[in-house]
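The next block holds one structure in the form of structure tokens; read it before the comments.
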Amino acid sequence: MTDDPMAQRRQLRDRLRQARRAVTPASRNHAADGLARQLTSLAFAPSSGPVAGYWASDGEVSLEPWRARLPGSCTYCLPVLGDDGQLRFAPYGDGTPLRPNRFGIPEPDLPVSRWLRPIDMALVVLPLVGFDLEGERLGMGGGWYDRSFAFRHGRPGSPWMVGAAFDLQAVPRLPAQAWDVPLDAVCTESITLDFRPSHRSPE
Ligand SMILES: Nc1nc2c(c(=O)[nH]1)N(C=O)[C@@H](CNc1ccc(C(=O)N[C@@H](CCC(=O)O)C(=O)O)cc1)CN2
Ligand SMILES: Nc1ncnc2c1ncn2[C@@H]1O[C@H](COP(=O)(O)OP(=O)(O)OP(=O)(O)O)[C@@H](O)[C@H]1O
């Protein structure tokens, strides 16, 4: 073990990414269906507008069953890496052309004029590497979501930020970091944790 918090974070990230990749295909399908049910049942699930998912990679739990259940008036989008270090979101449906980004993750191959800004989204589902029961999250470490949604600090409401993960990605305690963008909820295959201030249980 090391005393360096960043090194601890890296070790935890490696361990959880490995655990995520080791989930069997049958459990993976089951989890994706359960996750779709949890996401669909969110109290603040939008009935219309742009919603952001992700293209599952590196063992991430799939959002395809959720995408299939979205109301027709919602526009499903995937993240696109902007040159300015901020995410953009591009509509994705069956048949949308894709091209891999610098991490090998497919992005919609659409003109910039079709891209939406973080603030345009009604709901964003973030791929988690780890989470704790207080709503702290561990991501891939690039800071993409933290930078892109920094405007959500102290500003409740849309775009709602919801982390998605397998149950096995829960960890006892993650240290809060000043730049971590607050999660409104975490959904897994079996639970929803609601972190909105009005829904927190009293101390
Ligand atoms: N499916 C999915 N899409 C996503 C993310 C994600 O976590 N999952 N992102 C979430 O932020 C953004 C992309 N950020 C990422 C940051 C790091 C790595 C990654 O694989 N890093 C490798 C090193 C790769 C390299 O240096 O070339 C690694 O750490 O092993 C991937 C995506 C936007 N899209
Ligand atoms: N608003 C911001 N402006 C500039 N840099 C930021 C901002 N938010 C985060 N960062 C940087 O991004 C990096 C995020 O690292 P961290 O380990 O917290 O990532 P993470 O929790 O895995 O989240 P993510 O999924 O967003 O990558 C840090 O180096 C941090 O300094």
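Heads up, the Cβ atoms here are built off N, Cα and C, so glycines get one too.
As recorded in TrEMBL:
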type	residues	note
BINDING	R9, R10, Q11, L12, R13, R137, L138, G139, M140, G141, G142, G143, W144, Y145	ATP binding site
BINDING	E60	substrate binding site
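Distribution of TrEMBL features across the structure.
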{"residue": "R9", "record": "ATP binding site", "DSSP (3 states)": "helix"}
{"residue": "E60", "record": "substrate binding site", "DSSP (3 states)": "coil"}
{"residue": "L138", "record": "ATP binding site", "DSSP (3 states)": "strand"}
{"residue": "W144", "record": "ATP binding site", "DSSP (3 states)": "helix"}
Residue with minimal Cβ packing [other Cβ atoms within 10 Å] among the binding-site residues L138, M140: M140
Binding-site residues compared (E60, G142) - highest count of Cβ atoms within 10 Å: E60
C-beta crowding around Q11 (ATP binding site), within 10 angstroms: 13
Sequence-distant neighbours of R13 (ATP binding site) in its chain (C-beta under 8 A, six or more apart): V129, G130, L138, M140, G141
Candidates near ligand 2 among the binding-site residues Q11, R13, E60, judged by a Cβ under 6 angstroms: none
Filtered binding-site residues, from R9, R13, W144, whose Cβ is under 6 Å from an atom of ligand 1: W144
Cβ neighbours within the same chain of W144 (ATP binding site) - under 8 Å, at least six residues apart: P79, L81, G85, Q86, L87
G142 (ATP binding site) to E60 (substrate binding site) - Cα separation in whole Å: 16
Most distant Cα pair in Å, residues R9, R10, Q11, L12, R13, R137, L138, G139, M140, G141, G142, G143, W144, Y145 binding ATP: 21
